[in-house]
Amino acid sequence: MTAIAKIYAREILDSRGNPTLEAEVTLENAVCGRAAVPSGASTGTKEAVELRDGDKTRYLGKGVRAAVDNVNGVIAAALVGFDGADQTGLDHRLINLDGTENKGRLGANALLGVSLATAHAVAAARKQPLWMYLSTLGESKVSLPVPMMNIINGGAHADNNVDFQEFMVLPVGFASFSEALRAGTEIFHALKSVLKGQGLSTAVGDEGGFAPDLRSNVEALDAILEAIGRAGYIAGEDVLLGLDVASSEFRDNGKYNLVGENKRLTSEQFVDFLDDWVTQYPIISIEDGLAEDDWAGWKQLTERIGHKVQLVGDDLFVTNPKVFQEGITSGIANAILIKLNQIGTLTETLESIAMAHRAQYAAIVSHRSGETEDTSIADIAVATTATQIKTGSLCRSDRVAKYNQLLRIEQALGVGARYAGRDAFVSLKS
């Protein structure tokens, strides 16, 4: 019943107007699963390869026809007849079919599209929502994650003077996901009012957050704190703050170049800088606080504030189990950001999450800046008991689609729905 009868891919557009790949897998019982692949703006050097055509006369070189052809050709030929219910076996066949360390021959976008679409198809064949089916592949428990809401965009995600890429609010002091979402939404609208009152733009960046031309990173934090209060919530109690520093983007010749603060800092000085911020503001999470190749700096940052703040590796680990294991062994960071297209298959994604749980690292399931209406990451976050999810701000349908899916899942779970809330950070001590 779950043998694969047909695999087909097409080129579609993502939220930035760039081409991406969408795959469909049809089983022998005619049930079809579909998945679309996201794309990042700031990327780690060790990420799996996203295959682009490079033809400048078409989509500015960003077409994905080659990846589509790989799905419709060599991948389909290898997988038709394979049992889609054997997700691990299917993904290993995809990996072996590509045959490279970084999935550069067929493209991680080709592999991930097929991997995810197969899971959707099998879930549909079993008349289960995706989150319920995925929970049978690993974790038996499910929970609703804390949303890390990116409400001010900077860095590579916006055209402004803010160095840091994301300023987030984390509504932890609520009993349910739906109440947490409401709080985040009210803060988002309050922030719009704050920015308008300062004569600043309320245009939004790639992930739906505002991208005002603030003079410094500190101004972004101060504006968010004002918005939290104006919305009727208490910063540090109801709502905590998170940062995606994306520091690899502004490290140059061994120095961290903060244009907004007019500073060029060594690794040690930048650790001091972040430590000061944690003291001054209710910050609970810092992502990519140091550059991906600055492991000595990461070690120092972890030893300094890792007991009281979540230190997330994104570019640092690129969802790669081998790289992640090196970080665990070295005592680097205490959380990992999970981006499916960084590694390229569902099985490897689930393996990274399981590895995080075993090492007592937090796992945060994440979108990319170039998204689609696909909501798979919401189901994955719930099914794996990941304590947090990053899926952007409270506008743009490509972001809100994931929040709406989480609302549906919460309703489906009924009295069994459990919101992670403060428990997401129970291992951190002040």
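Each residue, glycine too, has its Cβ placed from N, Cα and C.
For reference, Swiss-Prot has these:
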BINDING   Gln165, Lys339, Arg368, Ser369, Lys390  (2R)-2-phosphoglycerate binding site
ACT_SITE  Glu207  active site, proton donor
BINDING   Asp244, Glu287, Asp314  Mg(2+) binding site
ACT_SITE  Lys339  active site, proton acceptor
Inset, instruction - Would you mind checking how many other C-beta atoms are within 10 angstroms of the C-beta on Glu207 (active site, proton donor)? - result: 30
Legend entry - Gln165 ((2R)-2-phosphoglycerate binding site) and Asp244 (Mg(2+) binding site), Cα-Cα, nearest whole angstrom: 6
Inset, instruction - May I ask for the distance between Glu287 (Mg(2+) binding site) and Gln165 ((2R)-2-phosphoglycerate binding site), taken between their Cα atoms and rounded to an integer number of Å? - result: 10
Inset, instruction - Using the recorded Mg(2+) site (Asp244, Glu287, Asp314) as reference, state which further residues of the same chain have their Cβ within 8 Å of the centre of those residues' Cβ atoms, listed in sequence order. - result: Gln165, Glu166, Leu243, Val245, Ala246, Ile286, Asp288, Val312, Asp315, Leu337, Lys390
Legend entry - Glu287 (Mg(2+) binding site) - helix vs strand vs coil (DSSP): strand
Inset, instruction - Determine the Cβ neighbour count for Arg368 ((2R)-2-phosphoglycerate binding site): the number of other Cβ atoms within 10 Å of its Cβ. - result: 28
Legend entry - Lys339 ((2R)-2-phosphoglycerate binding site) and Asp314 (Mg(2+) binding site), Cα-Cα, nearest whole angstrom: 8
Inset, instruction - Would you mind checking how many other C-beta atoms are within 10 angstroms of the C-beta on Lys339 ((2R)-2-phosphoglycerate binding site)? - result: 26
Inset, instruction - Work out how many Å separate Lys339 ((2R)-2-phosphoglycerate binding site) and the residue listed as 'active site, proton donor' at their Cα atoms, rounded off. - result: 15
Inset, instruction - Can you see whether DSSP assigns Lys390 ((2R)-2-phosphoglycerate binding site) to helix, strand or coil? - result: strand
Legend entry - Other C-beta atoms that fall within 10 angstroms of the C-beta of Glu287 (Mg(2+) binding site): 28
Inset, instruction - Would you mind pulling the longest C-alpha to C-alpha span across Gln165, Lys339, Arg368, Ser369, Lys390, which the record has binding (2R)-2-phosphoglycerate, in angstrom? - result: 17
